[in-house]
Amino acid sequence: MAELVGPLRKQLADSLSSCRVLVVGAGGIGCELLKNLVLTGFKNIEVIDLDTIDVSNLNRQFLFQKKHVGKSKAQVAKESVLRFCPSANITAYHDSIMNPDYNVEFFRNFQLVMNALDNRAARNHVNRMCLAADIPLIESGTAGYLGQVTVIKKGQTECYECQPKPTQKTFPGCTIRNTPSEPIHCIVWAKYLFNQLFGEEDADQEVSPDTADPEAAWNPADAAARATASDQDGDIKRVSTKEWARSTGYDPIKLFNKLFKDDIMYLLTMDKLWKKRKAPLPLEWEEINQLAGSQEQVIGSGLKDQQVLGVQGYAQLFQHSVETLRSQLKEKGDGAELVWDKDDPPAMDFVTAASNLRMNVFSMNMKSRFDVKSMAGNIIPAIATTNAVIAGLIVLEALKILNSDFEQCRTIFLNKQPNPRKKLLVPCALDPPNASCYVCASKPEVTVKLNVHKTMVQALQDKILKEKFGMVAPDVQIEDGKGTILISSEEGETEANNNKFLSDFGIRNGSRLQADDFLQDYTLLVNVIHSEELEKDVEFEVVGDAPDKAPAPSAPEEGKNIANGNKDSAQPSTSSKAAVEDDDVLLVDSDEEPSSSTMDTESSNRKRKHHDAETDDASSKRKRLDQQPADDDDEDIIALD
C-alpha cells in the first residue's frame, strides 16, 4: 500500500512552481481548487470564468463575500487567493472559454488543464481543445453528495465525449400546452409564457391550447361553438400571445383570466383529452379576489422562499410580477425584450406564480419558490464539502501527472453511502479511448438519419452540428466532387442557404458532408440517411456506432438519473454507488483494479432502490457527472425517470 505522506520531493516541488496550469471555472469547485493549488505549491495559474458572483453563491464559494456580488468570479477569486498567497502568479479572465481567442495555441501554453465547470457545452469544448493541443485534462463534477474526478489524455484514455451522456429532453408541446401531469410541465409552460409575453417569441414555445393535439381528435368548429369562454377583453383570440397582451396594456387581470380561465375552458371542449384524465378546473380572478378578506393559507415554515402560498397568494404575486415586468419593458422602449433569469426577482416571481396557478388548475400540489427555482433554473443542490473533497482529488491526480506517474491516475467516484467494502471514495482504472467516438477517433464519423426534404441548412448547423455534436463555428462542405460549400463560419458568406432544404443542394440518401471546426481543430464526417419515417417531433436521429447509442443504464450510483424535477419537491440525490473496489482513493495498487466500465457492470448487480434526485442535467453518473445549471443554458428540459 502506498501513501502520500510528508513534503513533496524536490523535483516535484520544483515542477509545481514552474508549470503553468489553466483552471476553467471559478465557482463551487473552482474556489476550492484555486486554494488547494496555491497551498500545494503551484505558482503559475490562469483562471477563466464568464460568470459573476450571485448572493446564492456565498454559502459555499468561500473566496467571495457579500461586497463582491455582481463582480467577476475569476477576478475576485484571484484577489482573494493572493491575499493568503501573495507569491502566486495568477491571471484571471472574465470571459467564456469558448471565445475564439482561446484557441489551440492558447491551450498549448499549459502543462495541465483542470475543469471546474457546470455545463456540458463548455466541457465538450475544453475536451476538444485539450485533445487538439495534446494537453492532459482533469475533469470533475459534483451533484449534491455525489462527485467524480477523472483524467483525460489523448490516445491513452477515454475523452469526455467517448461515452454517451443522456440527452436533455424537451417535453412534447401538446403535453406542455394541453395535458400537464407533473409540476415540471407547468414550470416549463411558465418559462415559455415569460418569453412569449416579455422576451423573444419562439413558435416552439407556444403556450395556448394546442388544437393539433393528435390525442384530442375533436372538431375545432364544433368546439368553438360550444366554448363558453368570456366574450370580454381577455377572451381567446388566435393572435400571438405578445400581440394580445400588448393590446390589453399587459393588464394582469385580463392576462390571468385568459390564461387560467378562458384557455382552460377552451381545453375542456377537447372532450377526448379528459376521458382518462382528471379535467382541469378554471380559475377566475373575481372569485379569487373575493377571498381577499380571508386568512391566506401558507404551507411550510421557515424561510419565505420555502413556503407554499395558497391560490390567492400566487394570484397576487402574478399581478405584482406582471406589473413590474411591464414597467421594465416600458423603460427599455419600443421593441425591447426581457431575458428570463432565475436570479432576477420579478422574472422568478412571475414563473413561480404562473406555474403554481397552472398546477392548481390541473390538480397538482403547488411548490415553493425555492423548489420552482431549483427546477426552472436547472440548479444542482450544491454541498460545500463535496466540492472540497473533489477539489482535493483533482490536485492529487495533478501531482501524479506532473510526477510522470500517469499510469497511476484513476477515475474516482465520491459516493453518498459506503459501498459494500465500506468505501465512500472509489477509484477505477481509466478506460482506453472508445474506437467509435465521434470526437477522439482517428477519423471521426457519424451517421445521421433525417428527412432531406424537411431539414433546413439552419437546422443542420444549429441543432445537429452545434447542439448535438458540440461544434462552435462549423464549415460544411458537400462531398459531391465539386466541393460545394453548404455552411461557412464566415459571417454572411452562406446566409442565403439557411432557409433552404438539404435536398435543394442535391443532398440525398447516402450523401456525405465534411464538417470542420477550425477553432477546435476538429473534423467530422457526416453520412446522411434520408428517412420519411421519423417519429413525431423528431427532426433527426444519430445512428450507427456513434456514442449517442447509450448502453443500458447501470452506474456506480445505482444507475439512477439525476433529473431536474418529478412529482415531489427538489431533494438532494440519495443515489449511491455499489462498487467492488477494495482500494482507498489515495492508494494506487495493482492492475487488477477494475475499470470504471467493469465497475458499472458489477455495480448494476447490486442495485437497491433509491429516491429520484432532482438536480440538473440528467445523468446516470456512470462515467462523468454532467451538471448544467447553466447555464445554459440551452434551456432544454431534462427528462424524468
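Here the Cβ of each residue, glycine as well, is placed from N, Cα and C on the backbone.
Under the heading Zn(2+) binding site, TrEMBL lists C159, C162, C437, C440. Every protein chain shown contributes to the tally, and the Cβ of C437 (Zn(2+) binding site) ends up with 18 other Cβ atoms within 10 Å.
The SUMO1 cross-link annotation in TrEMBL covers K165 (among others).
Among the features that TrEMBL reports, active site, glycyl thioester intermediate is placed at C174.
The SUMO cross-link annotation in TrEMBL covers K191 (among others).
The SUMO1 cross-link annotation in TrEMBL covers K237 (among others).
What TrEMBL lists as SUMO cross-link is K258 (among others). Within 10 Å of the Cβ of K258 (SUMO cross-link) there are 25 other Cβ atoms, across all protein chains.
Take the CB of K416 (SUMO1 cross-link) and look out to 10 A: across all protein chains shown you find 22 other CB atoms. For K416 (among others), the entry in TrEMBL reads SUMO1 cross-link.
The region 'Disordered' annotation in TrEMBL covers 545-641.
Among the features that TrEMBL reports, domain 'SUMO-activating enzyme subunit 2 C-terminal' is placed at 545-636.
Annotation comment: TrEMBL describes 563-577 as compositional bias 'Polar residues'.
What TrEMBL records for K621 (among others) is SUMO cross-link.
Nearest in space to C162 (Zn(2+) binding site), taking C-alpha to C-alpha distance over the recorded positions C174, K191, K258, K416, is K416. Taking the recorded sites K165, K191 in turn, the residue surrounded by the fewest other Cβ atoms inside 10 Å of its Cβ turns out to be K165.
Comparing CA positions across the recorded positions K165, C174, K416, the one lying closest to C159 (Zn(2+) binding site) turns out to be K165. The shortest Cα-Cα distance from K165 (SUMO1 cross-link) to any of the recorded positions (C174, K191, K258, C440) is found for C440.
Less than 8 angstroms from the CB of C440 (Zn(2+) binding site) sit L131, K154, E158, C159, E161, C162, P433, N434, each of them six or more residues away in the same chain. Comparing the recorded positions C159, C162, C174 on other C-beta atoms within 10 angstroms of each C-beta gives the minimum for C174.
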